[in-house]
Amino acid sequence: MRGARRAWDFLFVLQLLLRVQTGSSQPSVSPEELSPPSIHPAKSELIVSAGDEIRLFCTDPGSVKWTFETLGQLSENTHAEWIVEKAEAMNTGNYTCTNEGGLSSSIYVFVRDPEKLFLVDPPLYGKEDNDALVRCPLTDPEVTNYSLTGCEGKPLPKDLTFVADPKAGITIKNVKREYHRLCLHCSANQGGKSVLSKKFTLKVRAAIRAVPVVAVSKASYLLREGEEFAVMCLIKDVSSSVDSMWIRENSQTKAQVKRNSWHQGDFNFLRQEKLTISSARVNDSGVFMCYANNTFGSANVTTTLEVVDKGFINIFPMMNTTVFVNDGEDVDLIVEYEAYPKPEHRQWIYMNRTATDKWEDYPKSENESNIRYVSELHLTRLKGTEGGTYTFLVSNADVNSSVTFNVYVNTKPEILTHDRLMNGMLQCVAAGFPEPTIDWYFCPGTEQRCSVPVGPVDVQIQNSSVSPFGKLVIHSSIDYSAFKHNGTVECRAYNDVGKSSAFFNFAFKEQIHAHTLFTPLLIGFVIAAGMMCIIVMILTYKYLQKPMYEVQWKVVEEINGNNYVYIDPTQLPYDHKWEFPRNRLSFGKTLGAGAFGKVVEATAYGLIKSDAAMTVAVKMLKPSAHLTEREALMSELKVLSYLGNHMNIVNLLGACTIGGPTLVITEYCCYGDLLNFLRRKRDSFICSKQEDHAEAALYKNLLHSKESSCSDSTNEYMDMKPGVSYVVPTKADKRRSARIGSYIERDVTPAIMEDDELALDLEDLLSFSYQVAKGMAFLASKNCIHRDLAARNILLTHGRITKICDFGLARDIKNDSNYVVKGNARLPVKWMAPESIFNCVYTFESDVWSYGIFLWELFSLGSSPYPGMPVDSKFYKMIKEGFRMLSPEHAPAEMYDIMKTCWDADPLKRPTFKQIVQLIEKQISESTNHIYSNLANCSPHRENPAVDHSVRINSVGSSASSTQPLLVHEDV
C-alpha cells in the first residue's frame, strides 16, 4: 500500500513539473483570480500512527511557505513539500501552506501515539470573568469522553463549565476567583480505559473591580527643624499591577522613597512606600500625597507636615483664673495645653513653694499625633487657710510655661476675742473672708438676741496672714461707760457666708468695802481648791497611764508613702443580721479574763440550725468598763463583721447589742492557744514527719458519734494570767481524735472531737505554719494589719486547725511578761519589727516580721524568742545593728530561710504572705495540702451579711497612686 502511495505521489510531482514548464506560455493571472494553494492529501484532517511518515505537498503557481503550529509554537519551511520521516506525537498540529498572495490552506495532522494521548503545556493561567484554555490537545481524535477531572479524585466546582476541542484543548468558561489553585487533569477514554494527562494548576488573575486602598501612618506630623520626617504609605490591591507614587507639594523638598512589596494571600497585594526627609526644614512644611491607580481608577490620601524652628507650650485655662469657693467645698482647677515635644515635667505648686499631688494629667486624645493634654487639680474640702495661688508648671526640652489661679476661700466670720478694756471700752475682734462687718447691739437683761443697734467708736481692719488670701481681721470697740442699766451687749460679725456673735453681760452694783474677815477665808478657799486640783491632776495622770483597751486589728484605708491611714472602726457599718437573741445563750465557765473584760464558754441554741446546740465563746466587758471600752468592743465587732469568714481566723458567729451589754459571739476553740499546746507536746514530739511512722494508721475521721467531748475536757482556751497550770487530759476511755478532716460542716452532724492526745511531728509544725500564713494572707487581702501576731494569739481547734485571733480585752497584759512598758503603752517588743519599735510604724511588712518570730516560736516548740535577753537598751541596740536569732532546733533549712527573709531590715524586701504560702506549700505533704484544700471549701457558719470588702492596697514605698480606694475583695 505504501508503494502505491509513492507511485501516486510521483505522478503528482510530475504533473506539477509539467505545469511549471508550460506556465510561461500561459497568460498571466490577475490578482482577482488568485486562489489559495492546494495541499495533498486534500483533507482537513490527517491521522497517522507514531513512526509513520508524514508527507505533505503544497501546489501553487508561485512560491509557497509551510507553517507548523502546535501548543502555540510555530515552525516554518520554505519548501513545497513537508516531510517527517518518523512521526511522533509532538508532530500533531496544524500545518498551513501560504502562497505569495498571502492565501493559505491548512491540514490538521493527528499522530496517534498510545503512550502519549495528550500534548500538554502545564502553565495554566486565567483571568477572572474570562475564559481559560487548558492546552491538552489530543493525538487521537477517535477517543471518547474527552473532559476535565479533578486531581486525586476530587470533584470539580459545581459551577465550572468547559468546552472541549481535540485540536486546541479544553476551554474553561467564565473563570472565577474561587478556581484559583484548582488542580485538574484532561481525561479521555482510549480503548475502554480512562487516560489522564499531566496535572494542571489553574492560576487566576483577579479582575480589578475597585480602586486601590491607600492609607498613611499618620494624618499629620509636627516636627522641630532638624528632626527626621518619615511617613509610611500602605497600598492594597488585588494584584501587583497597581501603580503608586508620592506627590510633594513642594517640589524642592529633598526626600527619599523606599518601596517594599509582598503578597498577603492570593488576592491581597500590599506595597509600602516610605518617604523620608532626614533633616526637616521649615520650608519642607506642606502636604504630601500618596497616589495609587489601577485599571479601575485612582485613589490618594494626604498627610500634613508642619516644621517649627523650636518646641512650644500653649496653656489654655478652662475656667476663670480667679476662683471663689466657700469653706469646706470642693473645687477642680482645669487647664488644657498644647506641647511639642512631649512635656517632660508637670507640676502644681501652691503659693510658689509647696508641691501638691492631688492632680492628674492625661492626653486629650488617644491619637498618636495628639499634642493636647489636660491637667486637673482636685482641691477637696478647702479650709480658710488653703486660699492662695495655685500654679500649673509644664516644661519640655525647649520651653517652659505656667498659669496661676487665685483661689479665695470664703469663710464665715469667727469671733477671735471679745474683751473689756481698762479704759471702759468693749472690744470685739473677728476674722473672715470676705471682710466681715461688726455691728453692736444692746438689750436689757440677759437676752441672747439683741436688736437695739449701738454705733462703734473705733473700727480697725488688718489681714490675718502674710498673703492677701487669708482671713481679714476686724477690730471694733464701743464705750460701755455710758450704759446706766444692767444689760447685754452683742458683738455680731457677718459677711456673705455667715455670721457669729459674742455677748457681754454686765451689772452696776453699789461699791462694797472689804470686810476684815473676808481675806483669810478667801486665802483658805484658794489653797484648798489648789490642793484639790493637784489631786485631780495626779489621778488623771494615773488614769491616762493605765493601758487602754484597743482593737489590735487595723483596717487600712489609704497609704501615703510610709504613712498608713486607718479606717475608724466606729464608722464601719454594723449589719443587724448578726443579732442573736440573748435568751438563746446559756453561759458556762469563764475561759479567760483580762483588765477590761472576759471570755465565757456558752451554748447557743439555734445558731446554725433551729434545733441544734453549739458551743461558742462569748466576749463581754466587765461591769466596771468605761465608755471607751464599750466603744472599743463595738469596734471589734464591726471589724470582725467587715472581715468575713475564713477557716484560719476566729470567725464571728453573732452578736447581742440590743437590750443589754454588748456580747460578741465567736467560734469556740477547745484546744486553747498554740503556744501552750506546743509546750505540752514537747516531750512527745517526733522529729520526722508522722506519716513516716506506723502511727499514721491512727489518723482517721470519726464521723459516727453524735456529741463532742471537747467541752467536757479540761479547759485550755488561752493563757489569760501567768501561773495558770495546764493538765493534759488522761481519760482512759477516750478514743484518739482525728488529726485532720473532722472540721464541722454546715449541714453535717458534728464529728466527735476528743482531746488531742496524739504526738506532734514536723508535718504538724509545717501545717501550722501554712495555716497561719493563709490566715494572714486573708487579713492582708482585706487591708487588715494584725499588729500582735504571736503563738499566744493563735488558737487550735478540732482537726488541729489553727485560728488567728485578737484577744484585746481578754488578755491581762499588765501581768504578762511578753508585753513591755514603752511610754504609756505595753507592747510585745520581741515580736515587733524595727520600724514598729523605733518609729511606731505598723504595716503589712511589720506583720511579716512578726510572722517570722512566730515561726521561731513554732519550731522551738513554744520557747520565748531571743532567749535569755531582757528588753533593755542593749536589746534595742542589737536589733538596730541587725542581730537575728539562730535557727530553732526543729526547723528545716527551708523554713529558717523563710524566717530570715521575714526579718529583712528593708521592709520592701520581705515576702508577702501570699508568697510565704507558696513557699510553705512546696514543703507540706500532698495529703495535708489536699485535706486543707477540701476543708477550705467548707463553711461552718451562717452567711456573713457584710459585703463589698477590699483587697490589699499598696504598701510602703509603692509606686502606685498614694491614695487608693478600697477595691473589690479577691479570694485567698
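Cβ atoms here come from the backbone N, Cα and C positions, even for glycine.
Note that this is a predicted model, so its numbers are computed, not measured.
Sequence-distant contacts of CYS97 (disulfide bond), defined as residues of its own chain at least six apart whose C-beta falls under 8 angstroms from its C-beta, comprise PRO37, ILE39, LEU56, CYS58, ASP60, VAL64, LYS65, TRP66, THR67, SER104, SER105, SER106. Among the features that Swiss-Prot reports, disulfide bond is placed at CYS58-CYS97 (among others).
Every protein chain shown contributes to the tally, and the Cβ of CYS186 (disulfide bond) ends up with 25 other Cβ atoms within 10 Å. Look at CYS186 (disulfide bond): DSSP puts it in a strand. Taken from Swiss-Prot, the feature disulfide bond applies to CYS136-CYS186 (among others).
Applying an 8 A CB threshold to same-chain residues 6+ apart, the list for CYS183 (disulfide bond) reads GLY150, CYS151, GLU152, LYS154, LYS199, PHE200, THR201, LEU202. The disulfide bond feature in Swiss-Prot is assigned to CYS151-CYS183 (among others).
Non-local contacts of CYS233 (disulfide bond) by the CB criterion (under 8 A, 6+ apart in sequence, same chain) comprise VAL214, ALA215, VAL216, SER217, SER244, TRP246, GLN272, GLU273, LYS274, LEU275, CYS290, VAL301. Residues annotated as disulfide bond in Swiss-Prot, with sequence analysis given as evidence: CYS233-CYS290 (among others).
Annotation source Swiss-Prot lists disulfide bond at CYS428-CYS491 (among others), citing sequence analysis. In sequence order, ILE415, THR417, HIS418, ILE438, TRP440, HIS475, SER476, SER477, CYS491, ALA493, ALA502 constitute the residues six or more apart from CYS428 (disulfide bond) in its chain with CB-CB distances below 8 Å.
Among the features that Swiss-Prot reports, domain 'Ig-like C2-type 1' is placed at 27-112.
Mapped onto DSSP classes, the domain 'Ig-like C2-type 3' (212-308) shows 3 helix, 60 strand, 34 coil. Per Swiss-Prot, the feature domain 'Ig-like C2-type 3' maps to 212-308.
The feature domain 'Ig-like C2-type 5' is assigned by Swiss-Prot to 413-507. Mean pLDDT for the domain 'Ig-like C2-type 5' (413-507) in this predicted model: 77.
Feature annotation from Swiss-Prot assigns phosphoserine to SER737 (among others).
Residues annotated as phosphoserine in Swiss-Prot: SER742 (among others).
Marked as phosphoserine by Swiss-Prot: SER817 (among others).
Within 10 Å of the C-beta of SER887 (phosphoserine) we count 16 further C-beta atoms, all protein chains included. Taken from Swiss-Prot, the feature phosphoserine covers SER887 (among others).
Residues or ranges marked as phosphoserine by Swiss-Prot: SER955 (among others).
Among the features that Swiss-Prot reports, signal peptide is placed at 1-25.
Feature annotation from Swiss-Prot assigns transmembrane segment to 521-541.
The DSSP breakdown of the domain 'Ig-like C2-type 1' (27-112), given as helix, strand and coil counts, is 6 helix, 46 strand, 34 coil. In the shown protein chains, 26 other C-beta atoms lie within 10 A of the C-beta of CYS491 (disulfide bond). Just so you know, of the disulfide-bonded residues CYS58, CYS136, CYS151, CYS290, the Cβ with the fewest other Cβ atoms around it within 10 Å is the one at CYS151.
DSSP gives CYS428 (disulfide bond) a strand state.
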